[in-house]
Amino acid sequence: MGDLITIERHVLESQKDHPGATGEFTKLLYDVAFAAKLVYRHVVRAGLVDILGSAGSTNVQGEEVKKLDLFANEQFTKAIGHHGRFAVMASEENEDIILPPLDKYGKYVLLFDPLDGSSNIDANVSVGTIFSIFKRKSDAGGPGTLEDCLQKGAEQVASGYVIYGSSVMLVYTTGQGVHGFTLDPSIGEFLLSHENIKTPKRGKIYSMNEGYYRYFDDGIKKYIKYLQQEDKASKRPYSARYIGSCVADFHRNLLYGGIFIYPRTAKSPKGKLRLMYEANPLAFICEQAGGRASNGRERILDIKPTELHQRTPLFIGSEEDVKIAEEFEQGLRDIEHDEALCPKSLTSE
């Protein structure tokens, strides 16, 4: 058996490249991993302990809250908020920012989606937790502020996700590559299983909810037709794979290559996914793995948020696939002759 590397050891060893490190960041990530174990313990027992189904309420997004959503949100808030490592937190499930219960405020900011894909819980489909970590901008010593949370994704110091499937895997980046850890339930530790993950430059999978086809812009409709055309040179047609759990679809495409798209629609002109809780953390991971992420026109990590629960379209995955999708979205490409068109501003008069 090879050397067993826990997530705590992995982060500690990476601290050698940062002489000013105090160890707080390592403990912080370990807190996240611990909270994920608590959630997993209940995810696998959900049908036995009466936490499946609806809680009879809606969250700030206007979505029906599942019982396990509430449990996961509570576990992350409690497990992480009581150690004084954070100045402020924000959850997809809470309307306002969350301040630590103690008078000790740390230097980090945590934003998280406690249970992504929760609409699939009752069907026993993979769900996950997504998190994003920033350094506070406000003065140290006091509570964090809303402005601490409204930072560009490019300012993240770490992001990651945990996927609860046939096995439990935690994937994270601190801007020095992407690493995956699989939970060994016999010892209760996340062990390094996927070191320095790199996503293929181009894949053969596209993931999107084509049930909304009638609401898509013409550029996206053309892109779908492009993916379905047969062309051996570009390895088309692509295979459609859509789970309906963003983190699960992203995880598969990260490993095998491909693109996940949740575009703007006539029903959701600003997009559907949350910039702070889903798009930013996944975009950071994707870029660190060699991929690309945008809203179809602008790099996700360059978007300056103006509100806590801001939504955005999302094009994320293999670099070449995302670039082609962006060209269709921007009207720079057409399936009629399958080639990039000159921008309208450059067209000869």
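Cβ from N, Cα, C; glycine included.
Matching Tyr226, Tyr238, Tyr242, Tyr256 to the substrate binding residues that Swiss-Prot gives (Asp116, Gly117, Ser118, Ser119, Asn209, Lys272) identifies Tyr242. The candidate list Glu92, Glu93, Glu147 contains one residue that Swiss-Prot assigns to the Mg(2+) 1 site with Asp113, Leu115, namely Glu92. Counting in whole angstrom, Lys272 (substrate binding site) lies 10 from Glu278 (Mg(2+) 2 binding site) by their C-alpha atoms. DSSP assigns Tyr242 (substrate binding site) to coil in the three-state reduction, placing it in neither a helix nor a strand. DSSP assigns Ser119 (substrate binding site) to a helix.
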